[in-house]
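Heads up: the structure comes next, in structure tokens.
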Amino acid sequence: MSAPSSTPPAQAENAALENEALAPDSGLRPPGPTPSQSRFQVDLVAEAAGAGADDKSPSSDASTTLPSSEKATSSAATEGPDAGAATEEAKGRFRVVNFADPSAEGTGAPPEGAPAEGLQNGDTVMSETSLHSSTGGQHHYHYDTHTNTYYLRTFGHNTIDAVPNIDFYRQTAAPLGEKLIRPTLSELHDELDKEPFEDGFANGEELTPAEEAAAKEAADSKGVVKFGWIKGVLVRCMLNIWGVMLFIRMSWIVGQAGIALSCVIVLMATVVTTITGLSTSAIATNGFVRGGGAYYLISRSLGPEFGGSIGLIFAFANAVAVAMYVVGFAETVVDLLAGVNAIMTDETNDIRIIGTITVILLLGISVAGMEWEAKAQIFLLFVLVTAIINYFIGTFITVQSKAPMGFFGYDGSIMWENMGPDFREQTFFSVFSIFFPAATGILAGANISGDLADPQLAIPRGTLLAILITGIVYLGVAVSTGSCIVRDATGSINDTISSQFMANCTDAACKFGFDFSSCAGKKCPYGLQNDVQVMSLVSGFSPIITAGIFSATLSSALASLVSAPKVFQALCKDNIYPGFSMFAKGYGKNNEPLRGYILTFCIALGFILIAELNIIAPIISNFFLASYALINFSVFHASLANSPGWRPSFKYYNMWVSLAGAVLCCVVMFVINWWAALLTNVIVMGLYIYVSYKKPDVNWGSSTQALTYHQALTHTLHLSGVEDHVKNFRPQCLVMTGYPNSRPALLHLVHSFTKNVGLATGTHFMCCVPNFKELATDQSRYQRWLLRNETKAFYTPVFAEDMRQGTQYLLQAAGLGRLRPNTLVLGFKNDWRDGDMMNVETYIHMIHDAFDFQYGAVILRLKEGLDVSHIQGQGIDHTHRHEHFSYKKSPTVPLNLSDQRLLEASQQFQKKQGKGTVDVWWLFDDGGLTLLIPYLLTNKKRWKDCKIRVFIGGKINRIDHDRRAMATLLSKFRIDFSDITVLGDINTKPKKENSSAFEEMIEPYRLKEDDMEQEVAERLKNSEPWRITDNELELYRAKTNRQIRLNELLKEHSSTANLIVMSMPLARKGTVSSALYMAWLEALSKDLPPILLVRGNHQSVLTFYS
């Protein structure tokens, strides 16, 4: 255990300096190692300063941990006028340290000190606050004078190996306690004289800067208001689900669909919301939940693409929902004003005026803080529940004056008459689409997840209980209204029926002496089908129902006004949409998104002023349903991926039920409004594509990653069980790049013909003392570099004694299953004559090794060279910090001409190749790799304007025959070409000056065994195996002349080509020396445009069979 990682190195240095200022006397500084020598030692004064603030508590970490002599030091350290502030500052930095320095100079107390009270059996005992503290309890300490390190006494012996502790698993600056760093493997395993290095976090533990800032704010906040499951979730969900629909539409739905189908409609909606509630509970209990509600749940499960798209439309839907609910409230108020003839201007403008005033008041409540908003919600719930109870009481109170309006109290005949449907200009699904938006408030509690004391407990319990309670109430209202109110009533007391006509009356109202048969030909004003204010009629005191309507609209509006900014703030903190980052800032102890409140207010006000929400309403419902569908799909997806990290503590879910819920949500979207459903899908997909294109730099361990891994593993294993087929051959290249940005031309060219076709693996050898931490860091860094430069390749560094050994390692072990390299790609060794010839020996043996392992071999040569790493600091930016590849003129050291040409040449394969040629010199049949690579190359966008010209060897008297034969072969291979040239003069002797230049080139590398004794010659050959013997030179004279002659022909025919692809000459292993082979390659490829020497493994990679 050690100091928390949340303190950066620079801050740690400043902290050390500040702690020196805290000490009243330099003599109080403890002797021994400084903090820089080991992160397990800490300035005693800093530790004591942290104790100063806590020693009033009997369970204080410092007071029970430090020896008595050190307590004296701590009390001295905290004296002075600034002690309070300094103490708090030091406490924040160092209270997590578990290792004490020796006692102050001049004290004779042993390092262990007196045992603290409460210690049991000499081991550790957890304090009352150990769950949320950073130290997790009290410990014994022992000072090791040999290594100057304090060890923790664990299980009765001294070790720095730490016992399991919750604080090791926290994220940086976690709200519930500070993160501890467990001893690294290096600190436990490396030699004692080594400087321990800091290990990073495990994958996925580190926070994004936005998350870390938010977590730190949460950790530093005092007096933050947090809600339990009742006030935070249950109340909000019930208020949102019990909307206006309960009071002004439920009775109409019963009139249209009847009691039975109304119950089916309620149960269908409840099934959808219950499944979504179960899925929400599963996601919410799979780890700590931060603020952001539906956005947070979806983004952490499915990734930023789905989360970002849903988060934006979900926040927008909540903002517009504020306008919908406020307009509903304003319409009710205007109706009341119209009833007393108190209209201010006209109905539309009155709705705008009342709506504007209302939303301003709601904004004031929201900005006042979550505590005030919660109190307002409790009051509104009380009013709403009172209204519901008032209605049910009213159903048992029959009043004669209400009979003409269709209310007769509970009666079996009325219930039976209303049991079946009576659709009038409606269908079952149209009625369902009208009711379902009433059930879309189930995420009201989850949306303020950041303000919940325990989201993992509150969200499942509050959401599911709210769905149950509201579902029962809706069913109760459906049954009760259908059992005591008829469908049609005139409201006239004159529509009574005498007993003599009773026999001809069949309606349920006839039993009570009323005849409403006149409603059959006209629309009557009362009854379930006609009067939306039936619940006010039935209730014991109708103004309470009006108050309930007000409560339902205002509570839903208030919940949406709070939800939208909270979700939008979480979205902006993750920087998914960089343009919205200004809305990420929070204010006050609760980190309130004031800017988000203002934005939501402006959106709501805009739609209130429009006052036409009939078109936008179905879109909002579809936005909510899209969120529900993705939450359900998230659970299915996470379960399907079978990731070990998917371990929700809520067990009452099923992946297939969640999938069914997602499908149901999509079906309901189209049932409610098909064009709104299409528009919603288009918007979601558009945002998804945008976020995918932007590729936000986040890693949340989503189920998308887990499923991608699972599928890759499954397909790789499946592929391994299938034999290779020539039709499916792909060049899978092992590219000797060094650092990927060291030889850009090599990487770009290979990427050009392997992109989306084959595999490219860049490799780098390190020939120094192994530092595996650096190796892992480089691997991660340069893999990211490749991805950011859109290079589809892998980077694999290895430690080896030399390049040949490293190549052998990779030739044997690189890749997985069928995803293994089959072609070794090298850059030409331009400086082979300038350095140690043993490097040439190594280089040539790498080629031999490739052939031994049945690899193909490819060598790229540019006359300017390939390696640009020596220009670092002058023209190329290799900085690890930025991890990108760019060129820049140095202000102090200008590039020389050769380096300038090198830089230009290194980028030539990144540019679009104009109209030109790729010349293929297919002199020897290697299985077709020499022909396949240029074909793949010219299929790419940058090379599509280049034509393939083929050059082959032949006899002068058979040139036409050989050309026709090659044309036939190429047509069978379905490879387009612009020209075929048959070279009949390959075996002509080269020019004398060229032969002389070759002899001059190899002169320093000849053995000249004829001029020395045999024993001396053998000894020299053994020590310098690369030397060329006279016998070897004579034996391969014809082959040497061929390479020189081919270079002459290349200059003659291909001097203007964009790229030359040529069969690589082979040298028999053990008979041709490295110097001679290198000289052949040099003579063949010098002074030419970019040339690619290719030699396949002589197994067919092309076929003309289907």
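Here the Cβ of each residue, glycine as well, is placed from N, Cα and C on the backbone.
Pulled from TrEMBL:
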type: COMPBIAS; residues: 8-24; note: compositional bias 'Low complexity'
type: COMPBIAS; residues: 68-79; note: compositional bias 'Low complexity'
type: DOMAIN; residues: 144-195; note: domain 'Amino acid permease N-terminal'
type: DOMAIN; residues: 743-881; note: domain 'SLC12A transporter C-terminal'
type: DOMAIN; residues: 890-1106; note: domain 'SLC12A transporter C-terminal'
type: REGION; residues: 1-122; note: region 'Disordered'
type: TRANSMEM; residues: 229-248; note: transmembrane segment
type: TRANSMEM; residues: 260-289; note: transmembrane segment
type: TRANSMEM; residues: 309-330; note: transmembrane segment
type: TRANSMEM; residues: 351-370; note: transmembrane segment
type: TRANSMEM; residues: 376-399; note: transmembrane segment
type: TRANSMEM; residues: 428-446; note: transmembrane segment
type: TRANSMEM; residues: 458-477; note: transmembrane segment
type: TRANSMEM; residues: 597-617; note: transmembrane segment
type: TRANSMEM; residues: 623-641; note: transmembrane segment
type: TRANSMEM; residues: 653-676; note: transmembrane segment
> Can you tell me how the residues of the domain 'SLC12A transporter C-terminal' (743-881) break down into helix, strand and coil by DSSP?
Replying inline: 58 helix, 29 strand, 52 coil
>> Which residues of the chain, 6 or more past the ends of the transmembrane segment (653-676), have a CB below 8 A from one of its CBs?
In response: 271-272, 275-276, 278-279, 281-282, 429, 432-433, 436-437, 618-619, 621-622, 625-626, 628-630, 632-633, 635-636, 639-640
> Are there 3 or more C-beta pairs under 8 Å linking the transmembrane segment (260-289) with the transmembrane segment (309-330), counting only pairs at least 6 apart in sequence?
Replying inline: no
> Counting Cβ pairs under 8 Å that sit 6 or more residues apart, are there three or more between the transmembrane segment (229-248) and the transmembrane segment (458-477)?
Replying inline: yes
>> Check for me, if you would, whether the transmembrane segment (623-641) reaches the transmembrane segment (260-289) - at least 3 Cβ pairs under 8 Å, residues 6 or more apart in sequence.
In response: yes
>> Can you tell me which recorded stretch out of 260-289, 376-399, 458-477 has the most Cβ pairs within less than 8 Å of the transmembrane segment (428-446)?
In response: 260-289
>> I'd like to know the mean pLDDT over the domain 'Amino acid permease N-terminal' (144-195).
In response: 62
